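**Q** Here you go, one structure.
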Amino acid sequence: MSHFFAHLSRLKLINRWPLMRNVRTENVSEHSLQVAFVAHALAIIKNRKFNGNLNAERIALLAMYHDASEVITGDLPTPIKYHNPKIAHEYKKIEKVAQQKLIEMLPKELQHDFRCLLDEHYYSEEEKALVKQADALCAYLKCLEELSAGNNEFIQAKARLENTLAIRQSPEMDYFMAVFVPSFSLSLDEISLDSLD
């Protein structure tokens, strides 16, 4: 008997942004799905508009599993995780142990297939960068949603993420930001009316 998927199903019980007041709580499971949507889109944009040659479906899968180890480690708040390089380095080691523990929950004949999704050492540098871009973009989108709902708790997080996005900047991310991101600050009525035109 394997407990792998029973563990993954508990990602929905782990809340993100645990030290901040949220208008709407976000869990790791729904965050992972949004990161998969965005990473998939970034890969397609890169391929279609900027001469990329990425497997968009693989990118989506990598994004789906990118935070799977948090079912064991929990979601450590960013200010703590990146407080200094030593903490960040040690946390990476903890994540690696958690990834290995998840992999060992699988039947032996499936372990390699999932190791390639759970362990970022199996990602190409381009795949890793794209998933990190999507992850940061989704955190930024969360900030926009919270701010548009009147929650000023996310002002500093938004500023920090703008710096992160500037560092991870790419043509496909610029395209996504210009075409898709503005809608996240609009109401349902505004995006619905615009869609009917």
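Backbone N, Cα and C define each Cβ position, glycine as well.
A quick note: this is a predicted structure, and the numbers were derived from the prediction, not measured.
Annotation source Swiss-Prot lists substrate binding site at R16, W17, H31, D67, D75, L76, P77, T78, D135. According to Swiss-Prot, the divalent metal cation binding site annotation covers H31, H66, D67, D135. Summarising the annotation, Swiss-Prot assigns domain 'HD' to 28-140. Taken from Swiss-Prot, the feature site 'Appears to be important in orienting the phosphate for catalysis' applies to R16, supported by sequence analysis.
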**Q** Counting by DSSP, what is the helix, strand and coil composition of the domain 'HD' (28-140)?
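**A** The breakdown for the domain 'HD' (28-140) reads 90 helix, 0 strand, 23 coil.
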**Q** What is the number of other Cβ atoms found within 10 Å of the Cβ of H66 (divalent metal cation binding site)?
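**A** Result for H66 (divalent metal cation binding site): 24 neighbouring Cβ atoms inside 10 Å.
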**Q** Would you mind checking how many other C-beta atoms are within 10 angstroms of the C-beta on P77 (substrate binding site)?
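**A** Total other Cβ atoms inside 10 Å, all chains included: 14.
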**Q** Test of understanding: give the count of other CB atoms lying within 10 angstroms of the CB of R16 (substrate binding site).
**A** 20
**Q** Over the span of the domain 'HD' (28-140), how high is the average pLDDT in this prediction?
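**A** Within the domain 'HD' (28-140), the model's average pLDDT equals 93.
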**Q** Which ones in the same chain are close to D75 (substrate binding site), with CB under 8 Å and 6+ residues apart in sequence?
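**A** Spatial neighbours, sequence-distant, of D75 (substrate binding site): I14, N15, R16, P18, V28, D67.
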**Q** List the residues of the same chain that sit at least 6 positions away from D135 (substrate binding site) in sequence and have their Cβ under 8 Å from its Cβ, in sequence order, or write 'none'.
**A** V35, A63, H66
**Q** Find the longest CA to CA distance in the recorded substrate-binding set R16, W17, H31, D67, D75, L76, P77, T78, D135; express it in Å as a whole number.
**A** 15
**Q** Using Cβ-Cβ distances, find the residues under 8 Å from H31 (substrate binding site) that belong to the same chain and are at least 6 apart in sequence, listing them in sequence order.
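**A** Long-range Cβ contacts: R16, D67, C138, K142.
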**Q** Which chain neighbours of the substrate site, leaving out R16, W17, H31, D67, D75, L76, P77, T78, D135, have a Cβ atom within 8 Å of the mean position of the site's Cβ atoms?
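**A** Not counting the recorded site residues, we get P18, V28, E70, A139.
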**Q** Could you check what DSSP calls R16 (substrate binding site) once collapsed to helix, strand or coil?
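**A** Its secondary structure by DSSP: coil.
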